[in-house]
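Trainee: Structure in structure tokens, see below.
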Amino acid sequence: MTKKAPKGRPKPKTTFKRYFDSAKPENNDLEAVKPLKRKSQQNFVGDFIKMQNKIKKEKPRKASIKPKPKGKLKEETEEEAQAKRNPIPQELLDKYSRGEKVEAKGVKTRHFKEQQTRREKYLEYAVEQAARTELLLHETAGQLEADEGEVTAEYRQGQIADNVDLQSAAKHFSLNMEFGPYHMRYTKNGRHLLLGGRRGHIAAFDWVTKKLHCEFNAMESIEDVQWLHVNTMFAVAQKSWVYFYDNKGTELHCVKRLARVNRLDFLPYHFLLAAGNTAGYASWLDVSIGELVGNFQTNLGDIRIMRHNPSNGVLCIGGGKGVVSMWSPKVREPLAKLLCHSTAMSALAVDPRGQHLVTAGLDRAVKVWDVRNLVQDKPLAHFQLRLPANELDVSQRGMLALSQGTYLETYADMLSGGGTGNYEKLPYLRQRCDAFVHGLRFCPYEDVLGVSTAKGFQSLLVPGSGEPNFDAMEANPYETSKQRREHEVHALLEKIPPELITLNPHEITGVDAPTLQEKIDAKRKLFHLKPPKINMKSRHKMKGKGGSANAARNKQIVKDLKRKEFIAEVREAKKSVIKEHTAKEDGAVAKTKKPKPSVLDRFKPKPPKKQKT
Amino acid sequence: MKVKMISRNPDNYVRETKLEHHKMARNYDPALHPLEGPREYVRALNATKLDRVFAKPFVCNLSGHRDGVSCFGKHPKQLSQLATGAYDGEVRIWDLANRTSSRHFVAHDGFVRGVAYAPDGKLIYTVGDDKTIKVWKADAPDVGEEEEPVNTILSRYGLHGISHNRKGNSFATCGEVCAVWDEKHNDPIKTLKWGVDTLHTISYNPVETDILACCASDRSIILYDQREAQPLRKIVLTMKSNKLSWNPMEAFNFTVANEDCNLYTFDTRKLQTPLKVHFDHVSAVTDVDYSPTGKEFVSASYDKTVRIYNAHHSHSRDIYHTKRMQHVVCVAWSLDNRYVFSGSDEMNVRMWKANASEKLGVIRPRERVNFNYQEALKQKYAAHPQIKRIARHRQVPRHVMNAQRKMRLVKDKEQVKEANVRKHSKKGKVPYVSEKKKHVIKEEV
């Protein structure tokens, strides 16, 4: 009697509740689920509010069956009303969303379908909560508005400094130094500044309080400088080798494996110091273990233009032929190449969000590219300057700064709006420096643009360039030494292995599905398969049960049999592949073969009539 | 001109005195947190590694018995109390908080076969090889008083197990027959019998409290209803089942520990095929007990190991073993879902953590949040090969390793043989039988 199973699942007349959605108590005397978590539940990671929302919708129907006390109903309607009063704007949700929802439609079993829908609810809730935190942010971004009849480009630095508060005005300063052309870097939190003059001058200081950490002369030519993961260590590319110093100016290491380096860059999450040298070698040094994780010839000649993409850690190297190539330490070929200019390149910059690549060439053009979509053949924006731009940088809020010799311009809305080029032709601010500009960096989390020239350093005020609200877990301008040490330990524990540097940083979270190319290759392989070698050991026989001749014969028989089997299998597989394709083609042919009836059809020979049997 | 620049007041970002926490401004904008995926992956990897580093499941050893431990009785209300019976007839009550034996008495001549607490926790029922059921007070007698049973019931049949109804005041014993008793009477209310063989385990269903399940030595599992005169159903497996445990949350499911190294989870509504076959033991499984959440169960085996299974997975989640632990006879999961007890032949009761890497003691809220985060990460990246490998790896004793290898060899050979037979016989004559269906021989109603 139990053998007979009903076909298909009978639909229950009443909707059965599962244990996970029965948070609502059945009895009236039981307390309702409280909107706020109790103290003991505070560590519960699930979505309380979401689940309640779901139940709330069922409430009226249940209420008709079983009357509830009025107080509770009222409380819930209040809650609903509150949610209506404070809706989250869609653009805010989009900002925090991590991509589109996964539909549970294709999921086969009911269990996994429900699991998927529940997971989506968690994610949706997480996005909502993250969007709501926007309310808690302290600061607002800076801005500069011109009066009527004026444009912002007219304003000089002195005027801006006069009109802002004292604290901000102090951020405008200039240093005249004589060990000329200077290179400069800000730390990740934007608090400290490192200057390196070509003629050996190195200075590290807290530029906000103007407190000097160290200043000395390396007595050797200096090509580039770079902070490491903390503000107590920095690397300097000197004449022949790269040296590490601490913030007292003590030499910590001399890295002889990085020789004749031109450009330095640091990947903070990978702890990799990237270096490009005069011979065209790109090298990545893991500063936590002191080993080179990648070191190879790029065949690009002298590497002078090099920046890393902060969103995925890929190193972008601009070549003499107008090509930007992107490199990962574990892959010896470039991950991607992008022909940007028909002439040699003069500068490149990647915006901190990792969305845009800005390039400048000797053809006096500046182009904005979408780094996430490299198959495009046209830049997002393209504009001509009078002189080639020799330095570029993009700020956290998408402001672009470029220098042409001693002249310097910033554009406010070049990259906003997707960088489509719908920008005003007039620059946001402009400035003429007293000497040739050699370095240009926006200070993170400040409205400041640092400019290093042949004669020193200038700190310019660019209102609205920096991100006003920092995340203290990522970069904290106000961190104490203890916090810094704590952060260093955590960062080291979370060091990303260099193998994970890929063009798409989310690759690790994706599903490893075979691509179309791989599928095609697998099918193609089927036609060139060789029968496997069979290594058979014949079973040990007792004496007198057959000699070696017998054994060899048996072996041959088995081998032949296996081969035959294999061939038959492969033939079957091939057949199925061929059938699949021919069927498709036939279908396609059948579709295309039926032409439209035309007037000339009547001259065609008529098909023979089928005889009825 | 109108101009505004970022100008932060340090008071909002720096703590005033050293007594305060540091002020940590947060901004959850995804643009400020690059490389989210790889960083999470590395965190998940670290969490998985730490999990293995801190996996120290052994809590303590409760020694005091003078012979092998045969059975456990869990106190229904007190977490710190556990009763154990031994082969020499001694029953010990353990104070788990202090890890000492608080009380002991010789209850029976010969083995103690079963210990059960009454649902209110005031009485202890024991059965032994001397064909008696003895009832003891759960509280220790006063100083100077003798340990004496409250009641002694002489049974006509041999007794092999006891189980107390979770709600009513009836209890059931098994032996040659299944007998249902009332607490007030010295004669069974009902005796139920199916076949001639001995029943060696009995267990009340915790939710449908009238349903009983027994394992018999003729390889069968029998379901009874104490309201009816006749047994309900019977299934016969290929080998004997040693113990049976009901799932406390999904009480229509139960799991049996079988002599053929496997455990079988059955749905009472569909007994022809088990829901799941749980592999991994390399010798007869002697005992099984569910966690109070019903999501996991623990099993003890003659191969000197204790394994923990997810109720819906066919392979074990964890294996516990020590050098000195001999054949494990009985096992229990504590009612707070945190500990597992195992009693073995070499007279020791061992206490293990149910979750090997769990931190004992007080956990501060921030710590708890961190643990939860790590758990979520581990789940999210569980399918990645490196993480999977680390999470799955367990060191097992050499004899288990060898036995596993041998079993795999046997299984492979059987498969080859079956394939050969299939190849040389008529099509469809040697059908493919799933692993689940191989073990149930028949069902009788």
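Placement of Cβ uses the backbone N, Cα and C atoms for every residue, glycine included.
All TrEMBL annotations are machine predictions without curation.
According to TrEMBL, the compositional bias 'Basic residues' annotation covers A:1-16, A:53-71. Per TrEMBL, the feature compositional bias 'Basic and acidic residues' maps to A:18-31, A:92-113, A:578-588. Per TrEMBL, domain 'BING4 C-terminal' is recorded for A:427-505. Sequence annotations record features per position, and here TrEMBL assigns region 'Disordered' to A:1-31, A:43-113, A:578-613. Taken from TrEMBL, the feature repeat 'WD' applies to A:338-373.
In terms of burial and nearby residues, how do these features look in this structure?
Mentor: Sequence-distant contacts of the compositional bias 'Basic and acidic residues' (A:92-113) (same chain, at least 6 residues past either end, Cβ-Cβ under 8 Å): 120, 123-124, 127-128, 130-131, 134.
Mapped onto DSSP classes, the domain 'BING4 C-terminal' (A:427-505) shows 17 helix, 22 strand, 40 coil.
Outside the repeat 'WD' (A:338-373), and at least 6 residues removed from its termini, the chain residues within Cβ reach (under 8 Å) are 305, 307-312, 316, 318-326, 379-396, 398, 400, 402, 414-415, 419, 421, 444, 505.
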Trainee: Count up the helix, strand and coil residues in the repeat 'WD' (A:338-373) according to DSSP, in that order.
Mentor: 0 helix, 20 strand, 16 coil
Trainee: Mean pLDDT for the repeat 'WD' (A:338-373), rounded to an integer?
Mentor: 93
